[in-house]
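Peer 1: First, the structure itself, so that you have it in front of you.
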Amino acid sequence: MKSEVLSVKEKIGYGMGDAASHIIFDNVMLYMMFFYTDIFGIPAGFVGTMFLVARALDAISDPCMGLLADRTRSRWGKFRPWVLFGALPFGIVCVLAYSTPDLSMNGKMIYAAITYTLLTLLYTVVNIPYCALGGVITNDPTQRISLQSWRFVLATAGGMLSTVLMMPLVNLIGGDNKPLGFQGGIAVLSVVAFMMLAFCFFTTKERVEAPPTTTSMREDLRDIWQNDQWRIVGLLTIFNILAVCVRGGAMMYYVTWILGTPEVFVAFLTTYCVGNLIGSALAKPLTDWKCKVTIFWWTNALLAVISLAMFFVPMQASITMFVFIFVIGVLHQLVTPIQWVMMSDTVDYGEWCNGKRLTGISFAGTLFVLKLGLAFGGALIGWMLAYGGYDAAEKAQNSATISIIIALFTIVPAICYLLSAIIAKRYYSLTTHNLKTVMEQLAQGKRRCQQQFTSQEVQN
C-alpha cells in the first residue's frame, strides 16, 4: 500500500470512536463501584467478585470477536460495520446497568450481574473492531502515531466529558433522587456516545487490505501466541490498565474519605483530565524527538516514583495532591497513545514473521489481557474495601480502611508502572530503527525469523 497523509477530518472521526468508548468506559471505571455500593446498596465484596467474573467472561469473548471481525466481509469493510451496528444496543444496556429496580437484595445482585455482564460484552462488540480499525487505516508509522495522538486527545476529552459532567447531570436530573439522577445522566451520555460512533463510521476508511483468511481459528491463535512482541505488549497492557483501573476506582473513595472534601471531587477529576489532554498532545512531538520505546519506559519509571511519593503526602495537603494528580495525568496519558501504536507494530511484526496479517485477533488478544487486568483491578478494590470493613453508611471509616484506600490510590499503581518500565526496557525490541527495517522488508515481500531482534539493544 502506498502511504498517504491522513486528513484531519479522518483523524477526528477515528478519535470520536474512542471518545464514545471512553464516555462509557471511564464512567463505569470511576463511578460503577460507588454506584453499586452507595446507590444500589450492594455489598462491596459481592461487587468485587462480580467484576472479576463478568470481566473474565468478557475477556474470553475478545478473541472470538477478533476472529469474527477478521473474517467479516462487507461493502463497509471488516471492522467499521461493527462500530456502527453495535452502538445502539451498547447504549441501551448501559442505561439498564445504571438503573435501580425495586428488588430484594438477591434480586439486585442478580440484576446487576446480568446487566453488567451484558454491558461488558457489548463493549467488546464495538471496541475490538474499533481498535483493529486503527491498524488498517494506515500502515505508515508516522501517520499511526499522529492518528493515535488525535485518538487519545479526543478519547481523553470524551472521558473528561463523561466523568466531569456525570455528577452535575445526576444532580440536575435527579436532585435528591440519586438513582434517577444516575440513570438519567448515563442516558444523556449514551446518546452522545452513539452519535460519536456513527460519526466515526462515516468518516474513516479501511486501506490496509489483507488476503481472505483461509486458516483455522486455532492456527490464528497459535500464530498470535508465537509473536513474542505481542506477548510483551499484552503484559504491558495488564500493568497499565491495573494502574489506571485501581487508581480510578479508588479516586472517589480517596477524595471522600482521605481528602475529606467530596465536594471537590469534580475539580480533582478535572485536574487529572486536563493533564490527560496535555499528555496526549505531547506524544507525537516527543516521539518525533526520541524513540517511542525510550519515551515509554522512562515515563513509566517516572510515574512509579511520583505514585510512590504520593503515599507520603499528609492527608490534609489537598493542594499538593492536586499538583500530583495533574502531573500523573500528563505522564499517564503520554504513554497511552504510544502503547496503542506498539500494538499496531506487533501486527506488522507478526506479518513479517509468518506472512499473516491478523489485525482483528491481535487487538482482540490484547484487549483480552486488558479485560483480565480490569477484572483483577475491579475485584481488588472491592475485596480490599470489604477486608478493611468499609461501610458506606458510616460517617467515618476505620484506620484499616483508610490505609487501604491510600494504598490503592498510590502504592498499587506505583508497582504497576515500575514493572512496565522494566519490561519495556528489557524485552520490547520494536524500536523506531527496527520497525523501519520490518516495514521496508514487508514492502519488498521479504520475511525474517522471529528472533532477529530479540538480542538487540533499544536504539534511541
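Here the Cβ of each residue, glycine as well, is placed from N, Cα and C on the backbone.
In case it's useful when we look at the structure, here is the feature table from Swiss-Prot:
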- 1-11: topological domain 'Periplasmic' (TOPO_DOM)
- 54-80: topological domain 'Periplasmic' (TOPO_DOM)
- 102-116: topological domain 'Cytoplasmic' (TOPO_DOM)
- 138-152: topological domain 'Periplasmic' (TOPO_DOM)
- 174-181: topological domain 'Cytoplasmic' (TOPO_DOM)
- 203-248: topological domain 'Periplasmic' (TOPO_DOM)
- 270-288: topological domain 'Cytoplasmic' (TOPO_DOM)
- 332-366: topological domain 'Cytoplasmic' (TOPO_DOM)
- 388-403: topological domain 'Periplasmic' (TOPO_DOM)
- 425-460: topological domain 'Cytoplasmic' (TOPO_DOM)
- 12-32: transmembrane segment (TRANSMEM)
- 33-53: transmembrane segment (TRANSMEM)
- 81-101: transmembrane segment (TRANSMEM)
- 117-137: transmembrane segment (TRANSMEM)
- 153-173: transmembrane segment (TRANSMEM)
- 182-202: transmembrane segment (TRANSMEM)
- 249-269: transmembrane segment (TRANSMEM)
- 289-309: transmembrane segment (TRANSMEM)
- 311-331: transmembrane segment (TRANSMEM)
- 367-387: transmembrane segment (TRANSMEM)
- 404-424: transmembrane segment (TRANSMEM)
Peer 1: Cβ pairs under 8 Å with the transmembrane segment (81-101): which stretch of 12-32, 117-137, 153-173, 311-331, 404-424 has the most?
Peer 2: 117-137
Peer 1: Please report, as numbers and ranges, the same-chain residues at least 6 past the borders of the transmembrane segment (12-32) whose CB is under 8 Å from any CB of it.
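Peer 2: Apart from its flanks, the transmembrane segment (12-32) reaches 83, 87, 90, 94, 97, 116, 119, 123, 126-127, 130, 133-134, 137, 147, 150-159, 161-163, 166, 182, 186, 189-190, 192-194, 196-197, 199-200, 202-204, 244-245, 248-249, 251-252, 269, 374.
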Peer 1: With contact taken as 3 or more Cβ pairs under 8 angstroms (pairs 6 or more apart in sequence), are the transmembrane segment (117-137) and the transmembrane segment (367-387) in contact?
Peer 2: yes
Peer 1: Output the single range from 33-53, 153-173, 367-387, 404-424 maximising the number of Cβ pairs under 8 Å to the transmembrane segment (249-269).
Peer 2: 404-424
Peer 1: Are the transmembrane segment (153-173) and the transmembrane segment (404-424) near each other by the rule of at least 3 C-beta pairs under 8 angstroms (pairs 6 or more apart)?
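Peer 2: Answer no: the transmembrane segment (404-424) and the transmembrane segment (153-173) share fewer than 3 Cβ pairs below 8 Å.
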Peer 1: If contact means at least 3 Cβ pairs within less than 8 Å, sequence distance 6 or more, would you call the transmembrane segment (182-202) and the transmembrane segment (153-173) in contact?
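Peer 2: When sequence-distant Cβ pairs are counted, the transmembrane segment (153-173) touches the transmembrane segment (182-202), since at least 3 lie under 8 Å.
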Peer 1: Could you pull the average pLDDT for the topological domain 'Cytoplasmic' (332-366)?
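Peer 2: Summing pLDDT over the topological domain 'Cytoplasmic' (332-366) and dividing by its length gives 78.
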Peer 1: On the DSSP side of things, how many residues of the topological domain 'Periplasmic' (54-80) fall into helix, strand and coil, could you say?
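Peer 2: In the topological domain 'Periplasmic' (54-80), the DSSP-based counts are 18 helix, 0 strand, 9 coil.
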